[in-house]
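Asks: Below: one structure in structure tokens.
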């Protein structure tokens, strides 16, 4: 802190204008500048400090005075208090400014029509319909600040642009020092898990026996394959910091802002969907037995939330589509219409482990990296065989890291994707012949594909952070399907977040190909020549060759890998290849 004195950053603006997002980003950045931060989110304050207050003018003012009082105490202690509350009335905001002194007001300005289009919670629509009275911006006034320190136009500025201007103002005010760029010290160990702690929800020993005795009398929900995969990945810590299926508060914020309620970056909703008639027989506050697809009771849900989501909004925000030609949208619409939320405990793995000789838990991969002395580990996610282009980018990444986690997805995929057993034979052969054995760990990621493109790319990176990776490869159309996403949309998604928020560095690669000009693998950045000098094939072209009993050219795929695919295609009658 520039002077050692505390200060308050007060975010104000209409509901949905981006206050909480910017507040969370600022809270993640200031500790890097030596500033201790305490956050006061308006929604959280109303459920605790201001519980019981309504929305009259008097109650609103009381709520803001309470927030201001706590913020002032935080600032007096030498820390920064970040508040994010609508705080609609100018007079009460100015009262807090006078009382606090070192005060930076940030107005998140956004036109009302934009906010109503963004309205994932449906609050504006309910207010327009008269279901919510005294709703700020509809039938209760919002008084914009006259002279805020910063105005962020959240309808046309990215969160990163807004954050940069807030930080610049804090530097100008002398509240924080300009960011120095010292050489980063060598890490003493692997990157910490997302949220700081590797979750473990498996029960063992006597606790497991007691849980087994209890589940017999519990109502039961049977999981599908995706739900079973999600349960295992919650249990083994791959989805850290999640300890269960999301509640509505986390879900809504993830769908709207790609963040958990805590402000932590998280881009994919992890939910448990059930039919309405099943949900109706379950009581909040009770336990629910979770059964695997084959009927085994494998865990327990502590049910604390139940709600009916707006699946059209979820489809648009998460998948960028509402067309059922998108497999993620099709799955969403076919799943149960009620979501259940709460923490889980696992008795056993929900799915029978495939390929048990390979690590599938974050604790196991982290132990493998530690045993090898690795600190900088790059993760590579794949649901396809590794052809020459993939080999090229993974080896480029190995040049700047200690080791590679080759991490194929072995959960549910769409029709037409290559079966896991065929892909595993390809990986094993390729690693044996073409990679240094001491630089690669082959692990398993037992998740279902969602085909959510840019959002899933962020999600895959955060999960690999939990597995111990410091870097993550993002190629062309990561986690894409069909023509739903642009070629490099997934790479651009990482630009929406600060590196300190993600805690894992994306390695962005352009499409690789065999160049006849340079006689090797290259990209647009490294090889001259037009399309006629490049050897690359689409998935459709590869499938046509394999159906005809022909191998793809060696410039595209290692002959040994191509032979495995040819044998599998001919033997199974599949038209599957990639």
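Glycine residues also receive a Cβ, built from the backbone N, Cα and C atoms like all the rest.
The active site, phosphoserine intermediate annotation in Swiss-Prot covers 87, and the record cites similarity to another entry as its basis. Annotation comment: Swiss-Prot describes 13, 14, 15, 16, 17, 18, 19, 20 as ATP binding site, evidence class similarity to another entry. The feature region 'Adenylsulfate kinase' is assigned by Swiss-Prot to 1-192. Look at Swiss-Prot and you will find 193-578 tagged as region 'Sulfate adenylyltransferase'.
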Asks: What is the set of residues, excluding 13, 14, 15, 16, 17, 18, 19, 20, whose C-beta falls within 8 angstroms of the centroid of the C-beta atoms at the ATP site?
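Replies: Along the chain, the qualifying residues are 86, 108, 110, 115, 154.
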Asks: Looking at Cβ-Cβ distances, which residues of the chain lie under 8 angstroms from residue 14 (ATP binding site) while being 6 or more apart from it?
Replies: 86, 108, 110, 112, 115, 136, 137, 142
Asks: Could you check the recorded positions 15, 17, 20, 87 and say which one's CB has the fewest neighbouring CB atoms inside 10 Å?
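Replies: 15, out of the recorded positions 15, 17, 20, 87, has the fewest neighbouring Cβ atoms within 10 Å.
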Asks: Around residue 16 (ATP binding site), how many other C-beta atoms are within 10 angstroms of its C-beta?
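Replies: So the Cβ neighbour count for residue 16 (ATP binding site) comes to 25.
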Asks: State the three-class DSSP label for residue 19 (ATP binding site), counting H, G and I as helix, E and B as strand, and everything else as coil.
Replies: helix
Asks: Tell me, in order along the sequence, which binding-site residues from 17, 19, 20 have their CA within 10 Å of residue 87 (active site, phosphoserine intermediate).
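Replies: If one measures from the Cα of residue 87 (active site, phosphoserine intermediate), no binding-site residues come within 10 Å, so the answer is none.
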Asks: What does DSSP call residue 87 (active site, phosphoserine intermediate) in the simple three-state scheme?
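Replies: DSSP call for residue 87 (active site, phosphoserine intermediate): coil, neither helix nor strand.
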Asks: Taking 10 A as the limit, how many CB atoms besides its own sit near the CB of residue 19 (ATP binding site)?
Replies: 27
